[in-house]
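J.: The structure is given below, and queries will be raised subsequently.
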Amino acid sequence: MLEQRIEQHFIDSADLKYQAAQVLSKPIAAAVSAVLASVTSGGKVLACGNGGSAADAQHFAAEFVGRFERERPELGAIALTTDSSIITAIANDYSYEQIFSKQVRALGQSGDVLLAITTSGSSPNVLAAIQAAHERDMTVVALTGKGGGKMGQALRETDVHICVPHDRTARIQEVHLLAIHCICDGVDAQLLGDSESKE
Ligand SMILES: O=C(CO)[C@@H](O)[C@H](O)[C@H](O)[C@H](O)COP(=O)(O)O
Ligand SMILES: [Zn+2]
């Protein structure tokens, strides 16, 4: 029955979130520190991902540049998924694999953070962006799942890996969005002090 199927999605999503809370609170806190260190010293966050993760990259940038739940000074973030002219030109003239890495080389500066979002951990354009970020002396915060895929080999010790302990793309994405909100809330709490949100 359709209703039961829908209910099961809610139960599975909630179960994973309970489990993941323990595993992910430490790396998410590390991501808050990395992002905060960057933006408080004039840096910014470049965010990338494919499909649903492209939407997550944009969601994060909107909350960083605009606001999350509380008023605060604007914070620098750019989603590398939004400029169709840049993306189509790079994909057409070079390859789809380079759509993010060339933007990272163009925009990234030492001290910036790359937020790399991939449920499989293995999307070639996201991995190429990570390599470009390292060339620019940026820290990487990676949101993955499925055991991390190729992310383990791509990251440095100073990077942060938030790997959702699940194999289903949709479930992983649901936790990625929660992690993104935790990062936004953590940054606000560090900047403005603890406060319970009412929104
Ligand atoms: O949102 C979904 C599935 O829930 C899809 O659009 C999904 O994001 C796409 O298939 C992506 O290309 C998957 O890439 P990745 O997460 O493995 O890097
Ligand atoms: Zn999706």
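Start at 1 and count along the chain as shown; that gives each residue its number.
Cβ from N, Cα, C; glycine included.
Dumping what TrEMBL says about this protein:
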{"type": "BINDING", "residues": "N50, G51, G52, E63, N92, D93, T118, T119, S120, S123, Q173", "note": "substrate binding site"}
{"type": "BINDING", "residues": "H59, E63, Q173, H181", "note": "Zn(2+) binding site"}
{"type": "DOMAIN", "residues": "35-197", "note": "domain 'SIS'"}
J.: Near N50 (substrate binding site), meaning Cα within 10 Å, which of H59, E63, H181 (binding-site residues)?
T.: none
J.: Any of the binding-site residues G52, E63, S120 with a C-beta atom under 6 A from ligand 1? Give them in order, or none.
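T.: With ligand 1 as the reference and 6 Å as the Cβ limit, the list reads G52, S120.
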J.: Tell me which residues of the chain lie with their Cβ under 8 angstroms from that of G52 (substrate binding site), as long as they are six or more apart in sequence?
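T.: Set apart from G52 (substrate binding site) by at least 6 residues yet with Cβ under 8 Å, we have T119, T169, Q173.
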J.: What mean pLDDT does the predicted model reach across the domain 'SIS' (35-197)?
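T.: Mean pLDDT across the domain 'SIS' (35-197) comes out at 97.
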J.: Of the binding-site residues listed here (N92, T118, S120), which is spatially closest to E63 (Zn(2+) binding site) when Cα positions are compared?
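T.: Nearest by Cα distance to E63 (Zn(2+) binding site): T118.
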J.: Give the subset of the binding-site residues N50, H59, T118, S120 lying near ligand 2, defined as CB under 6 A from any of its atoms.
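T.: None, by Cβ distance under 6 Å.
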J.: Compare the Cα of H59 (Zn(2+) binding site) against each of the binding-site residues N92, T118, S120 and report the nearest.
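T.: Closest recorded candidate to H59 (Zn(2+) binding site) by Cα: T118.
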J.: From the Cα of H181 (Zn(2+) binding site) across to the Cα of N92 (substrate binding site), what is the distance in angstrom?
T.: 34
